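Read the structure below first, then the notes.
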Amino acid sequence: MRRGPRSLRGRDAPAPTPCVPAECFDLLVRHCVACGLLRTPRPKPAGASSPAPRTALQPQESVGAGAGEAALPLPGLLFGAPALLGLALVLALVLVGLVSWRRRQRRLRGASSAEAPDGDKDAPEPLDKVIILSPGISDATAPAWPPPGEDPGTTPPGHSVPVPATELGSTELVTTKTAGPEQQ
């Protein structure tokens, strides 16, 4: 059961139709469409260079000498747009760095000019960072920690952590509710 050679058109393709000079044949929809919808140059009028009108079997209208000019925007978008975006980001980063550096320089200059405005080293120190203790007697004999009443190793903790009851089965629900003082 051998089949003959397959057609390039496919089984359900319509018969080749000639297109008018203002239209180009589109292989995707297999019909004549306006050439402006395709990225092809306008078809040349039939003259000495074209022996017959173009048909569906002659898709040279969609690929030809003008295909290079139509494909130019694609590499420009693929390489040009990311390059411009990268340059814009680098420029923004440089500007942010310059602004922060200038602010830091101003702050350092302002601090140095505030320390010695007249060059007088005997000037009183500003009281911005001086801590003033309240008057009173400090109790130097008070212990830092109260003495332990009981040994913490032998006393049970005041709270309990719920653990799963494995002897009842693995499907038992364990809640985090703790026992209050009335239940102990």
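Just so it is clear, glycine is given a Cβ too, placed from its N, Cα and C backbone atoms.
Feature annotation from Swiss-Prot assigns compositional bias 'Basic and acidic residues' to 118-128.
Annotation comment: Swiss-Prot describes 168-184 as compositional bias 'Polar residues'.
Cys19 (disulfide bond) falls within neither a helix nor a strand when secondary structure is assigned with DSSP, and so counts as coil. Positions annotated as disulfide bond by Swiss-Prot: Cys19-Cys32 (among others).
Swiss-Prot lists Cys24-Cys35 (among others) with the feature disulfide bond. Secondary structure at Cys24 (disulfide bond), as computed by DSSP, is strand.
On the 0 to 100 pLDDT scale, the region 'Essential for TNFSF13B/TALL1/BAFF/BLyS binding' (26-31) averages 86 in this prediction. The region 'Essential for TNFSF13B/TALL1/BAFF/BLyS binding' annotation in Swiss-Prot covers 26-31.
The annotation region 'Disordered' is assigned in Swiss-Prot to 43-62 (among others).
For 107-184 (among others), the entry in Swiss-Prot reads region 'Disordered'.
Residues or ranges marked as repeat 'TNFR-Cys' by Swiss-Prot: 18-35.
Positions annotated as topological domain 'Extracellular' by Swiss-Prot: 1-78.
Per Swiss-Prot, topological domain 'Cytoplasmic' is recorded for 100-184.
Residues of the same chain lying 6 or more positions beyond the ends of the transmembrane segment (79-99) include none with a Cβ under 8 Å from any Cβ of it. The transmembrane segment annotation in Swiss-Prot covers 79-99 and is backed by sequence analysis.
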Cβ neighbours of Cys32 (disulfide bond) where a neighbour is any other Cβ within 10 Å: 18
To the nearest whole angstrom, state the Cα distance for the pair Cys19 (disulfide bond) and Cys35 (disulfide bond). 11
